[in-house]
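Worksheet: the structure to be examined is printed underneath.
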Amino acid sequence: LGRMKAVIVVHGGAGRIFKEREEGCRAGVVRAALRGYGVLKQGGSAVDAVEVAVQSMEDDPHFNAGCGSVLNEKGEVEMDAIIMDGKKLDSGAVSAVKCIANPIKLARLVMEKTQHMLLTDHGAHLFAQAMGIPEVPREKLITERSRERWKKNLEPDSNPEEFQKDLGTVGAVAVDSTGNVACATSTGGLSNKLIGRVGDTACIGSGGYADNHSGATSTTGHGESIMKVVLARLILYHMEQGMSPEVAADTALDYMKTRVGGLGGVIVVNKAGEWAARFSTKQMSWATVKDNELHYGIHAGERHVKSVDEALASESEGF
């Protein structure tokens, strides 16, 4: 049998990526993919790899997750995250969490240190304290851009729907050298959302799903639409019926569009190491590393290819 091929795929959110943000988004997903792949190359698990990749994007203000999250109606950051291990279908998630830098770390602790799968709001906060996760001042997570957008959306003639096209959930999927798969997804949610709104990200089967028998997927896009069709699980169902990752992704996205008018994007990997990054929105930033080759893009049909060594060299020079 030999060693399984290790693969990581990441996304930085589907939606509309404004010109001036493209470079930062590209660099951010590339950095995340390279970090995740570094973990896999050293024999690390798929779960470790997706956590590291997502953490990298939570720390990057270009994305709507961790630092850079959009603000709710009251001008606060409330974040959701999920992680899942395909071996025994273990999963951990948190929703409506505030004042922590990396919700994905907390989700992983929920998976490993509790008998539960999802902790929310105040309870998640108490658990974070018990686990010794440092609190960060809320201002630390708020970028100028998020505040600007929040203000714009408060204007009487504003159309928050317009801005919600520029979504930016982040996610990662991986298969490691032993054939285990995992997924991780993290988000700040919808701009000017109601307090306590939880979207698809924290919901198992919607924001992500991982099963060694079929593969792993992480989703992004309009959360309520994704929840209606349980998008992540739907993709894996299509793969169980024999579809390739790409066809399964397109079929599920197409169904979501025709059935509920929802747009989004997905990344998928199967246990054989075949992958896909597909979207029905205008753009989605994505990157993948397989066989020491980095592929990445933002626009439909765009795909750049570099060797990992070349990418790491330009990475250390600052993209």
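Note that Cβ sites are derived from N, Cα and C of the backbone, with glycine treated the same way.
TrEMBL annotations: computationally assigned, not manually curated.
Marked as active site, nucleophile by TrEMBL: Thr169. Per TrEMBL, the feature substrate binding site maps to Arg197, Val198, Gly199, Asp200, Thr220, Gly221, His222, Gly223.
With the fewest other Cβ atoms inside 10 Å of its Cβ, the least crowded of the binding-site residues Arg197, His222 in this structure is Arg197. Less than 8 angstroms from the CB of Thr169 (active site, nucleophile) sit His11, Gly13, Ala14, Asn64, Ala65, Thr185, Ser186, Thr187, Thr201, Gly207, Thr219, Thr220, Gly221, each of them six or more residues away in the same chain. Annotation for Asp200 (substrate binding site): spatial neighbours Ser206, Gly207, Thr219, Gly223, Glu224, Ile226, Met227, Leu231, criterion Cβ-Cβ under 8 Å with sequence separation of six or more.
Just so you know, the Cβ of Val198 (substrate binding site) picks up 21 other Cβ atoms within 10 Å once every protein chain is counted. Applying an 8 A CB threshold to same-chain residues 6+ apart, the list for Gly199 (substrate binding site) reads Asp80, Thr187, Gly189, Leu190, Lys193, Gly207, Gly223, Glu224, Ile226, Met227.
Every protein chain shown contributes to the tally, and the Cβ of Gly221 (substrate binding site) ends up with 27 other Cβ atoms within 10 Å. Just so you know, of the binding-site residues Thr220, Gly223, the Cβ with the fewest other Cβ atoms around it within 10 Å is the one at Gly223.
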